[in-house]
Amino acid sequence: MRSGEGSTTAAEEEQVKVAAPFRLAELGLRVCAVPLAAASVWEMATNKQVDETYGEVRFSDLSGFRYLVWINAITAAYSVASILLSSCKFITRFDWLIFLLDQASAYLLLTSASAAAEVVYLAREGDREVSWGEVCSYFGRFCGAATVSMALNAAALLCFMALSLISAFRVFTKFHPPSQSNSKQQLPQEQGKPVLSG
């Protein structure tokens, strides 16, 4: 066996040893993200309240809440798919794709949290500059359910933030730093070059 092949095999074995605990953590985070995102969807999608004076309000009346429902549904579906595919060995060839999808999911969850938080803030506090009064005193149950959905969304976001770090680690550990012997060989060559003066 050649020495180069032996060093490559040893490096691959070392990579597997380092990656093993991260695989378990990654799987656990993906499993946690599914019920969190699904519960956020359920809590928001079933959210409605009727007031005798002001009528009925539904989550679908507010674009920020609709956006939160769609994004959580997408990330829950992606989490399920990634869990099912993680048992297949060929998926390791697509680590870059998993990394990009984890990043995209985290950013989408962040934007949906921001959109929903703005709606909840206005519902609770109002905006005196544009003469918007608060409505949570009339639709308290609706506001409470929306807040719970946002909290579940935030928990799913934390899972995907951690997943983004783990998938980034897995991708970038495949690249080896330049060896010291190469850098030492290049240094004398660069020092031996004549300096051209202007």
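Positions of Cβ are set from backbone N, Cα and C atoms, glycine also.
In TrEMBL, annotation is done automatically, which means it is predicted and not curated.
Feature annotation from TrEMBL assigns compositional bias 'Polar residues' to 178-189.
Residues or ranges marked as domain 'Casparian strip membrane protein' in TrEMBL: 21-159.
Per TrEMBL, region 'Disordered' is recorded for 178-198.
Sequence annotations record features per position, and here TrEMBL assigns transmembrane segment to 67-85 (among others). Note on the transmembrane segment (67-85): residues 27, 30-31, 33-34, 37-38, 40-41, 44-45, 59, 91, 98, 101, 105, 108-109, 111-113, 115-116, 149-150, 153, 156, 160 of its chain, located 6 or more positions outside it, place their CB under 8 angstroms from a CB of the stretch.
Residues annotated as transmembrane segment in TrEMBL: 150-172 (among others).
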Using a Cβ cut-off of under 8 Å, list the residues of the same chain at least 6 residues beyond the transmembrane segment (150-172) that approach it.
19, 22, 25-26, 29-30, 32-33, 36-37, 39-40, 43, 68, 72, 75, 95-96, 98-99, 102-103, 105-106, 109-110, 112-113, 116-117, 120
Counting by DSSP, what is the helix, strand and coil composition of the domain 'Casparian strip membrane protein' (21-159)?
111 helix, 10 strand, 18 coil
